[in-house]
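Q: Please find one structure pasted underneath; my questions will follow.
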Amino acid sequence: MSIQRQSICILGATGSIGTNTLDVIRRHPERYHVFALTANQNIDLLFKQCLEFEPEYAVLTSEEHAELLQAKFNAENISTKLLIGIEELAWVASHKDVDTVMAAIVGAAGLIPTLAAVKASKKVLLANKEALVMSGAIFMQAVSESGATLLPIDSEHNAIFQCLPEHFVSQGIQSCGIHSIVLTGSGGPFLKKPLAEFPMISPDEACAHPNWSMGRKISVDSATMMNKGLELIEACWLFDVQPEQVEVILHPQSIIHSMVRYQDGSVLAQMGNPDMRTPIAHAMAFPERISAGVEPLDFMQISQLTFEQPSYERYPCLKLAKEAMTEGGNTPARLNAANEVAVAAFLDEKINFDQIASVIQQTLTETEYAGVVDLKSVLAADRVAREHAQQIVEALSTD
Ligand code: NAD
Ligand code: MG
């Protein structure tokens with residue numbers, strides 16, 4: 001059988017998801033062609049990736065880094081064209097020669113290029129959960145208007161997608177007889193740490209996830225469980241369910257990646273080793289299956305799967321996120337913005353680990369709720385919350 005080669009644009013190619021995506025592509029050169037790679041600052045890695053995959057375009061966000069990369073391209077006679085700026089990210093993501101876009105920029109910075117890919121009816125592989133959390137209704141409306149194919153990369157949502165019947169996309173979740181969605185989370189590195197020690201947690205400790213190797217922002221989000229909170233919001237939009245229909249349970253082994261409960265009592269789970277190449281390969285090849293380089297699951301070695309209820313005292317960010325989704329409007333966008341500022345401040349050692357939740361809570365209380373009418377209102381809510389959270393951080397760090 002001859003395979004149609006897919007042309008791929010990877011937004012955030014130098015990150016954890018980006019490099020895992022390239023690893024899957026490397027195993028299937030007959031299936032995938034790399035059209036564009038983008039990055040923020042890591043020009044050494046982007047250069048190596050361009051040498052290996054010879055994309056038509058590379059995109060950076062600053063002139064300064066682009067000059068350095070261009071010099072490297074010239075020295076090696078690389079013909080990849082180098083573009084600079086956010087508009088250029090959106091331009092490559094919606095280019096007519098692109099079939100598939102891996103949206104793997106971290107944070108709000110990914111929203112505009114990811115939406116551009118959606119509006120251009122691409123097959124969009126969504127890792128950048130913050131984009132959906134911020135703009136849920138607008139994002140999903142753009143998907144339905146453009147006819148873009150949206151496939152989740154987040155391991156939990158990819159698992160749920162795999163546990164739902166195929167007709168859920170065309171006929172809606174109501175036709176599937178589901179009872180609820182069960183999101184699993186490992187609980188991160190501080191599942192058993194005494195709460196009294198939380199103020200002393202260092203950035204490196206927070207980034208040392210027991211099961212997954214990820215970028216620093218999402219690693220901190222996993223330690224606070226804001227990641228699971230963002231995923232709850234993401235699940236509501238992707239699968240058209242209410243926050244009360246999403247259960248969050250702790251499963252420290254990270255073998256069951258999430259589950260769907262059906263009204264007849266059946267529960268379907270997707271399992272595998274914790275390796276992002278599985279959901280990436282699933283979405284890239286969908287509806288086919290391809291090898292991903294992931295070790296087969298060894299049940300004898302796992303021996304047991306355990307489950308616990310998460311505590312809001314240990315994970316206040318999870319509660320904040322659930323409440324934000326219930327409130328709706330611009331609240332998830334404000335939550336996300338405040339979290340990005342607080343996590344960056346924690347990684348910069350300006351605030352303590354336990355202050356991440358208080359920065360977010362205070363920002364939500366002190367900035368205004370509004371309904372979301374368009375992208376402009378989302379971006380405005382993001383900006384206001386970001387500035388407000390920054391002021392709270394400054395006050396805390398000079399205390
Ligand atoms: P990362 O920090 O490792 O990589 C982020 C990428 O985005 C890099 O290529 C970086 O150059 C680029 N980038 C950062 N800021 C940018 C900006 N302002 N403008 C343009 N590009 C920018 O992050 P990651 O762990 O790969 O996560 C990427 C996204 O995928 C996040 O939204 C995260 O929540 C989601 N995700 C990651 C994992 C994982 O295992 N790493 C799992 C599920 C979901
Ligand atoms: Mg996840």
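The backbone N, Cα and C atoms fix where each Cβ goes, and this holds for glycine too.
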Q: Record says Thr14, Gly15, Ser16, Ile17, Asn42, Asn128, Glu130 bind NADPH. Source is TrEMBL. Which of Gly188, Gly215, Gly229, Gly265 does it list for that same site?
A: Gly215
Q: Please identify which of Lys123, Lys129, Lys193 is recorded by TrEMBL as part of the 1-deoxy-D-xylulose 5-phosphate site containing Ser155, Glu156, Ser186, His209, Ser222, Asn227, Lys228, Glu231.
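A: Among Lys123, Lys129, Lys193, only Lys129 appears alongside Ser155, Glu156, Ser186, His209, Ser222, Asn227, Lys228, Glu231 as 1-deoxy-D-xylulose 5-phosphate-binding in TrEMBL.
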Q: List every residue in the same chain as Asp154 (Mn(2+) binding site), at least 6 positions away in sequence, whose Cβ is under 8 Å from its Cβ.
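A: Once residues fewer than 6 apart are set aside, Asp154 (Mn(2+) binding site) is near Leu126, Ala127, Lys129, Glu231, Glu234, Pro279.
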Q: Using only the Cα atoms of Lys129, Ser155, Glu156, Ser186, His209, Ser222, Asn227, Lys228, Glu231, which the record gives as binding 1-deoxy-D-xylulose 5-phosphate, return the largest interatomic distance in Å, rounded to a whole number.
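A: If we measure all Cα pairs in Lys129, Ser155, Glu156, Ser186, His209, Ser222, Asn227, Lys228, Glu231, the largest is 19 Å.
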Q: Looking at the binding-site residues Ile17, Glu130, Asp154, which have a C-beta within less than 6 Å of some atom in ligand 2?
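A: Cβ < 6 Å from ligand 2, in sequence order: Asp154.
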Q: Tally every other Cβ atom lying within 10 Å of the Cβ atom of Ser16 (NADPH binding site).
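A: 19, counting other Cβ atoms within 10 Å of Ser16 (NADPH binding site).
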Q: Within the chain of Asn128 (NADPH binding site), which residues six or more apart in sequence place their C-beta under 8 angstroms from its C-beta?
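A: Expected: Leu11, Gly12, Ala103, Ala104, Ile105, Val106, Gly107, Gly110, Leu111, Thr114.
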Q: Among all protein chains shown, how many Cβ atoms are found within 10 Å of the Cβ of Glu231 (1-deoxy-D-xylulose 5-phosphate binding site), not counting that one?
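A: The answer is 28 other Cβ atoms.
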Q: Taking the Cβ of Glu130 (NADPH binding site) as the centre, count every other Cβ atom within 10 Å, in any protein chain shown.
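A: Other Cβ atoms found within 10 Å: 29.
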